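Only one structure is covered here, and it is reproduced in the block below.
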Amino acid sequence: MARGKAKEGDGNWKKFIWNSEKKEFLGRTGGSWFKILLFYLIFYGCLAGIFIGTIQVMLLTISEFEPKYQDRVAPPGLTVIPRVLKTEVSFRMADPKTYEEYVAGLNKFLKNYDNDQQANSIEFDDCPDEPGDYINRGPFNNDQGQKKVCRFRRDWLGNCSGMLDSSYGYKDGKPCVVVKLNRILGFKPKPPTNDSLPPGMMGKYNPYVLPVHCFAKKEEDVDKIGTIEYYGMAGYAGFPLQYYPYYGKLLQPKYLQPLMAVQFTNLTYDTEVRVECKVYGENIGYSDKDRFQGRFEVKFDIKSS
Amino acid sequence: VLQDDHKLSKEELEEKYTTSISKGLTSARAAEILARDGPNALTPPKSTPEIIKFLKQMVGGFSILLWVGALLCWIAFGIQLAQGVASAFDNLYLGVVLALVVILTGIFAYYQEAKSTNIMASFSKMIPQQALVIRDGEKKEVPAEQLVVGDIVEIKGGDRIPADIRLIFSQGCKVDNSSLTGESEPQSRSCDFTHENPLETKNIAFYSTTCLEGTATGMVINTGDHTIIGRIASLASGVGNEKTPIAIEIEHFVHIVAGVAVSIGVLFFIIAVSMKYKVLDSIIFLIGIIVANVPEGLLATVTVSLSLTAKRMAKKNCLVKNLEAVETLGSTSIICSDKTGTLTQNRMTVAHLWFDDQIYSADTSEEQTTQSFDQSSQSWATLSKIVTLCNRAEFKPGQENVPIMKRVVVGDASETALLKFAEVILGDVMGIRKRNRKLAEIPFNSTNKFQLSIHETEDPNDKRFLLVMKGAPERILERCSTIMINGEEQPLDRERAEAFQTAYMELGGLGERVLGFCHLYLPEDEFPDTYPFDTDSMNFPTSNLCFVGLLSMIDPPRSTVPDAVSKCRSAGIKVIMVTGDHPITAKAIAKSVGIISANSETVEDIAKRLNVPVEQVNKQDARAAVINGMELKDMTAEQLDEILINHSEIVFARTSPQQKLIIVEGCQRQDAVVAVTGDGVNDSPALKKADIGIAMGIAGSDAAKNAADMILLDDNFASIVTGVEEGRLIFDNLKKTIAYTLTKNIAELCPFLIYIIASIPLPIGTITILFIDLGTDIIPSVALAYEKAESDIMNRRPRHKKKDRLVNEQLAVYSYLQIGILQSIGAFLAYFTVYAEQGWLPNTLLGLRVNWEDDYYNDIEDSYGQEWTRYQRTYLQWSGYTAFFVSITIQQVADLIIRKTRRNSIFQQDLIHESPFFPFSRVQYWFVAMPYAILIWVYDEIRKLFIRQYPGSK
């Protein structure tokens, strides 16, 4: 009985896929399938049209020069170059292969800062070589065409510019990292007041520089970190204000954000040393959740042999 | 098969059970037998351990899928943790949340199930506590559990029979077998073997029935599970619980959704892997797809909707024990109704009178206060006097303010009927009796079949005594020589006798119990004041009396039943009467309530009309059929099927509990959803077997109530109709709920698919999806269960169990491929808007996923050249989730509006007030998807317009 029923069921199943009597495939005739498919073709066609239309309408409400909101991107992040996996810089001094990735990263990033890239004086502007105040370049639109950008000379980075030492100090176990403040359109960083800085930095205070300072992340690493050399415009360990504000990709396609470099010249080898670098400013924020906002962390593990 | 103890003589019994009627068993022997047979109690069925039931809930429905999801989450967590991925803990939490969802819905479902009680509980409650037994030649009180076969027990009025016993001695013993056989009449019990069938013979009393009056001594012949009731109990617990139709529908729905989820999941897993995604990532996509596809909150919503309906039904006197049974009633296509108590009032009532050569009808409604037939005739005055006086029934005192029909009476059913009838017409029956003092009386017994009493008259000038008598009409007529016509005594000639016969046959043919009444004034000279009447020697005339009239009684149908039956008819439900009663009575009641309609004929009727033998009648011609239990016994399953198919109006009479079961099974073979109503223990197997068992709340035995899925608190058949309506409504509304719920699944699924294919940042997170499914969507889904009926749902046929599914192709396709897609597009618009306004134009998003999700890439450029850290991107992504979520919610409002009606335009239906719950988000994002919400609504209105214009097209 049950077996008979099962067979019957099988028959129905096959019949459902292809019913030769009614010429039905999956319960519908060819004509019916055609109508259905045509319906969905038109239906989805219309939907696609409506979707694209509404997207276009939405884009009309958005300026191409500045974003509507910036509450998610500010305050800016502090980025370290080279970009390292798990923020761990680990290499063997004797083996160039172990650090070539870092060197390549730096080379690639600093290429834009080569002098020949900044030759065009229509796009570039000779800003003062000393840190100065913000340079406002008008409203955020192209009524005056593109906006000029300040030049930034790679050699200001000294030993870390890669011009003197093509391995950026890695082959000597004195690694360099380049630090930049993430670009945010229209953002004007405000330097801190002198007395709000950590003790070691007070001496180098300049009201037009946003200072950066690196230190050992952990108590026990304080002795291992050794001397830290800072390079930047006019020897200031920080970002000069005349490079701000940023006017966006469209108005300043060649924009060079100010850089500074940090070289660890006396790191303890064969152990992990955790370093944190921080940028200081009144409108710079730090967050427990975002460990790259206004600061970053690098772990050095240099093997001497 | 029962033994034939009822046929054996006392000596044979003593021998068979090695006992002594006078001395009983010895204690030692009894202990021996007790050890052999076990205690005299019903063994409870092996119940599934609670933990197993609980675990079953944990793996049923979508739970398996979600468990797989949770497991994958934890695996992913483990791997990511080992790899040191920062976001690994997200997967751990997601897994925990998924597990929690499963466990909580499981607990919820388990709690609902635990409410339905165990059927055996009430059987065990029926066991009498103590029994008076003769052992070692002495009378002892022992717990009834210790009774063994061969024990001699004594019972008296009010006792429950402690086991199946063969009576050895009886004095005026009457038992109430109604819980066993459904017969409401008290049955007298004697020591005589009266019937081949042990169930019908008078010398056996059954376990758990009640002894109403008299005393008896009997020998225990069966104990515990071997008793008749024990067998019925095991029959009932042996009947598996059928899956309710809604459970089948939900299972079907789960299969569809799970099928879609698994196939899309696997498909995209393969796509993801072949697109060179990491296997781990692909697994995480798979989880997302499963979570998006599974409507986590739906099963809980269904349960809530069902229990809301159950509450509503409870207010209308339908108490639903098993939640899923709420809908079953709506899909019911056959109702097998018990007669007594459900269709009828379960009390004898005077229905017709015959005097002066004429039949009068009496009012049989529940609330009669007056009787409207012609009461001017002198014959009626005489008849009423006999009815009043020749009656032993009395009202219990202290009920003066209770309506007559509701007063409690001491006496049997017929006498009660007569007493109430007289009280309604004459008033103060007790006063009349007091004024006509009773001098002598012969109570009714089965040998003379009459009852007689002699009274003084209330007229002080009339010194004659009045002899009144009532009984079986033919016996009464035999004793009469005259008949009263219009108050005059006239000789009882052949013509008169024939008129009597015709009236008797006519009333009998109506299935009514007929009683004859006669009287005689005893001549004053022969019977002076001081005449000593002796009922034993009968020193007074009992023949040549004056016949006065006939009264016929019936257990009348409830006044609401005919209407309810016709409503069932128009709703396409076949009502079958199944009763233990006599076929003629059954047929009469069936006709009067419309189960057999006025112009329908049975095969026998046709044969009678055409005057041909029954065999020659074409069975197809007869719409109605009355099947006797004896005929049913000899039928094959095919023959029964044939009857069920060919006749639309069927009455089964004189059926046994097993036969009820057979009938229910027969109906179920026709793919019908069968409802069975019943009240007795004998009904419980059929109640259990039925798709929905309906027990009577007032008259029903505990066993019946336990076996049933639903209890009619007012014992009223009409309440079933209400239940059917509610059941159909909830089915329609669940359809709406499911359509509503399924729609957003596409809007939850699309983000994952696009995310995988176009590599955009994830538009909506798994947790957010859960929040929609288990949060914002629950209230509107439940609200849909409150929708009023659209069309007159009681005028369409019950849904076909296998064809009209809860979730059909059209519903799935419309929800998934049309509204669902529309909704997704609307939500995507909001998503793109959020990103564009923050600096990420749509074109930059495409293919961005890998960098976007790189934990160490903290300076990704957006469309404006701004650089974003990982966390800033994540935060933006969450804003995207919120916008997507809000859009879905907003569009679900439109979805809710369109789902409120299935065919009618929303303008034809009242809007109820909804307040879906919104979380905080930038307010304008609530409105981004608004055009799409409106589009959804307009599109659906157009669809409904087409459906109304061109009904029936595919």
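Note: Cβ is positioned from N, Cα and C throughout, glycine not excepted.
If you look up TrEMBL, you'll see B:4-78 marked as domain 'Cation-transporting P-type ATPase N-terminal'.
Among the features that TrEMBL reports, transmembrane segment is placed at B:64-86 (among others).
Listed as Cβ neighbours of the transmembrane segment (B:92-111) (distance under 8 Å, sequence separation of 6 or more from its ends, same chain) are residues 53-54, 57-58, 60-61, 63, 66-67, 69-74, 77, 287, 291, 296, 299-300, 303, 766-767, 770, 774. Annotation comment: TrEMBL describes B:92-111 (among others) as transmembrane segment.
Same-chain residues lying 6 or more positions outside the transmembrane segment (B:253-277) and placing a CB less than 8 Å from one of its CB atoms are 61-62, 65, 283, 285-286, 289-290, 293-295, 738, 742, 745, 749, 752-753, 756-757, 806-807, 812, 816. Under the heading transmembrane segment, TrEMBL lists B:253-277 (among others).
The annotation transmembrane segment is assigned in TrEMBL to B:283-306 (among others).
Long-range Cβ contacts of the transmembrane segment (B:811-834) within its own chain (Cβ-Cβ under 8 Å, at least 6 residues beyond either end) map to 256, 260, 735, 738-739, 742-747, 750-751, 754, 763-764, 842, 845, 876, 879-880, 883-884, 886-888, 891-892, 895, 898, 925, 928-929, 931-933, 935-936, 939-940, 943. The transmembrane segment feature in TrEMBL is assigned to B:811-834 (among others).
The transmembrane segment annotation in TrEMBL covers B:923-939 (among others).
Secondary structure counts, DSSP: the domain 'Cation-transporting P-type ATPase N-terminal' (B:4-78) has 47 helix, 1 strand, 27 coil. Cβ atoms under 8 Å from those of the transmembrane segment (B:283-306) belong to residues 61-62, 65-66, 68-69, 72-73, 75-76, 91, 94, 98, 101, 105, 108-109, 112, 246, 250, 257-258, 260-262, 264-266, 268-269, 272, 277, 323-324, 326-327, 730, 733-734, 737-738, 741-742, 745, 748-749, 751-753, 755-756, 766, 769-770, 773-774, 777-778, 781-782, 784-785 of the same chain, restricted to positions at least 6 beyond its ends. Per-residue pLDDT, averaged over the domain 'Cation-transporting P-type ATPase N-terminal' (B:4-78), rounds to 82.
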